[in-house]
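Working notes for the structure below.
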Amino acid sequence: MTSAQRKDDHVRLAIEQHNAHSGRNQFDDVSFVHHALAGIDRPDVSLATSFAGISWQVPIYINAMTGGSEKTGLINRDLATAARETGVPIASGSMNAYIKDPSCADTFRVLRDENPNGFVIANINATTTVDNAQRAIDLIEANALQIHINTAQETPMPEGDRSFASWVPQIEKIAAAVDIPVIVKEVGNGLSRQTILLLADLGVQAADVSGRGGTDFARIENGRRELGDYAFLHGWGQSTAACLLDAQDISLPVLASGGVRHPLDVVRALALGARAVGSSAGFLRTLMDDGVDALITKLTTWLDQLAALQTMLGARTPADLTRCDVLLHGELRDFCADRGIDTRRLAQRSSSIEALQTTGSTR
C-alpha cells in the first residue's frame, strides 16, 4: 500500500469512526458550578489567548489531519479556506509523506497558499531529522512546529515503527535547532504528567495532550490489519480531561485536543488549564458532508457560542475560565483520587483570595 492510499484510508476510517461514536466521553464528567449573578457584558469579553510567545485572537484551532494524496490535498485546500475566513489557526497532517515523496508537496503547500496570512503549524514525527524538520517548516512557511508521538498507533500499524528509544533525544535536537515554537502532541492517547514534565526538560515550548475520546488511531490501524488482531488496544490511554487535570500547575503551556465535540467542551478544557483547544474529526465530517461553507459557518458559530459561554460564566478572557468552579464526576473523579489531584480546590477556586483580587467578585 502506498503512503497516499494509507492517507485516504485514514480519512475514510476516521469519518466512519466518528459517525459510529456513542457521543459520550469524559468531558461529560466535568460540570460548572452555576453562579447565577456571575455574568458580565458581552463587549467586555475577549477570545484572545497566548502561550509560548504565540498570540491568537481565538482559543480554538483546526488540528492535524491529513495531506499526501490528491484527495487529501483537496481537503487541505478547503480546511485552509475555512481557517482563512474565520481567523482560526490550522495544523497540517503529518508531513512525513512529503519528506519521503516530494511530489506530494502541493497537498501540504495549499495550506499556506490558501491562507497566506494565517497561523499555520507544520506536523512531523519524532524520527524526523533536523534538516527534514526544516524542510517541512519551509514548505508551508510554518509559524510553529508540531511533533506527534504515537506509540499506540504505530504498534498495530502494519507498516508502523517498532523502535521508540530515539524519540526523546530527537525531539530535543529538533527543539534546539528550529527557530519557531515546538509543540509536541499525542494523537489521541494522552500525555501523562511525567511526559509533560519530560517535554519541558527537552526544551519544547508547549504540549498538546490530545487525549482519548475522539479519533482512535489504534482502532483505525487495527482496522487496516487483515486479522484485526490488536482490538485490545482500542480505547488505550487517558482522556483529554484527565490529562489536563494531571498537568495542573506545570509551567509548560498545555493545549487540549481529543474528543472536543462542541463549544462547551472547549470551555471545559480551558477551565481545566488548556491555553487553546483543537478539534479535527468533527470539522472534517462537516466539511465532507456539507462543504467548506458549512465548515466556515460551524467555526463562526463556535466562536460566537464561546463568547456567550464566557459572558455567562463571568470570564473576560479564556484564561479567566481557570478561576471558575468546576465539579468532577464518575471515572474522572476516580482518576483524580488515584493521581492525588485535589478536586475540592477546583470546586472552590472562585472564592480564593487570588480570584477575589483579580475579579473583585466571587464568580
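Residue numbers in this text run from 1 along the chain shown.
Note: Cβ is positioned from N, Cα and C throughout, glycine not excepted.
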May I ask you to find which of LYS173, LYS185 Swiss-Prot records for the FMN site already listed with ALA64, MET65, THR66, SER94, ASN123, SER210, THR215, GLY259, VAL260, ARG261, SER280, ALA281?
LYS185
Under 8 Å between C-beta atoms and at least six apart in sequence, can you list the same-chain neighbours of ALA64 (FMN binding site), or say none if there are none?
ALA91, SER92, GLY93, SER94, ILE121, ASN123, GLN146, HIS148, LYS185, SER280
Reported as an integer number of Å, what is the Cα distance between SER210 (FMN binding site) and GLN153 (substrate binding site)?
13
Across the listed FMN-binding residues, ALA64, MET65, THR66, SER94, ASN123, LYS185, SER210, THR215, GLY259, VAL260, ARG261, SER280, ALA281, what is the farthest Cα to Cα distance, given in whole Å?
23
By a simple count, how many Cβ atoms lie within 10 Å of the Cβ of ASN123 (FMN binding site), its own Cβ left out?
26
I'd like to know which of the binding-site residues THR66, GLN153, SER210 has the most other Cβ atoms within 10 Å of its Cβ.
SER210
Looking only at DSSP and grouping its letters into three states, which state does GLN153 (substrate binding site) belong to?
helix
